[in-house]
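Chemist: Supplied in structure tokens, the structure appears directly below.
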Amino acid sequence: MVDSSKDVNGGFPGYKKITVVFVLGGPGSGKGTQCAKIVENFGFTHLSAGDLLRAEIKSGSENGSMISSMIKEGKIVPSEVTVELLQKAMLESGNDKFLIDGFPRNEENRATFENVTKIEPEFILFFNCPEEEMEQRLLSRNQGRDDDNIETIRKRFKVFVESSIPVVEYYDMKGKVRKVDALKPIDEVFEAVKAVFDPFHVKVE
């Protein structure tokens with residue numbers, strides 16, 4: 001069996017330190033918008049586990065077919081598969097700073113990521129937003145998503161609270177959670193985000 005524990009850190013030029021920030025927040029909390037701003041201002045590479053899974057399905061690979069079948073059958077894609085896709089994307093990016101968006105979705109994701117990559121996140125950026133506000137945002141945005149109806153939205157909230165909040169609580173006990181009030185206007189939210197990232201001196205020169 002190949003030892004994948006050193007794949008990420010060992011695969012980077014000069015064995016640089018890898019900085020990983022997990023970005024969590026409920027559906028409609030504005031994570032995507034803020035991630036784009038962090039990438040632009042601080043030189044991070046933005047990786048979305050969901051996007052990587054969708055891209056793999058679209059590629060028509062054997063792995064993609066397996067993922068597609070599991071999703072159609074209502075099964076959860078194994079954490080190992082998602083972590084493998086994240087790890088591959090990290091290596092291919094050539095960067096050493098990553099925003100991993102919407103992941104870990106649950107405790108199993110978290111444990112698998114740390115066990116496989118041997119990387120512990122620098123911190124968790126958590127967009128805190130009331131459910132009513134997120135609901136309104138999701139209903140009002142027109143992104144052509146057929147899963148943006150009230151019943152589905154509430155199911156997504158339930159899954160987030162039951163699965164992802166324990167991950168936030170785990171890292172909070174380790175002093176690694178940076179909470180941002182996502183109820184404010186976009187620019188004000190980003191001011192708070194900047195304050196979190198500034199101490200890391202990762203701004204692009």
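A Cβ is built for glycine as well, from the same backbone N, Cα and C atoms used for every other residue.
Predicted, not measured: the structure shown is a model, and the values here were computed from it.
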Chemist: Please pick, from Arg105, Arg110, Arg141, the residue that TrEMBL records in the ATP site together with Gly28, Ser29, Gly30, Lys31, Gly32, Thr33, Lys184.
Modeler: Arg141
Chemist: For the binding-site residues listed here (Gly28, Gly30, Gly32, Gly102, Pro104), which one has the lowest count of neighbouring CB atoms within 10 Å of its own CB?
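Modeler: Gly32, out of the binding-site residues Gly28, Gly30, Gly32, Gly102, Pro104, has the fewest neighbouring Cβ atoms within 10 Å.
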Chemist: As a test of the contact definition, list every same-chain residue at least 6 positions from Ser29 (ATP binding site) whose Cβ is closer than 8 Å to its Cβ.
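Modeler: Looking at Cβ-Cβ distances below 8 Å from Ser29 (ATP binding site), excluding near sequence neighbours, one finds Phe127, Asn128, Cys129, Met134, Ala182.
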Chemist: Rank aside, I only need the closest one: which of the binding-site residues Gly28, Lys31, Arg141, Lys184 has its C-alpha nearest to that of Asn109 (CMP binding site)?
Modeler: Lys31
Chemist: Between the binding-site residues Thr33, Asn109, where is the Cβ count within 10 Å the lowest?
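Modeler: Taking Thr33, Asn109 as the binding-site residues, the minimal 10 Å Cβ count falls on Thr33.
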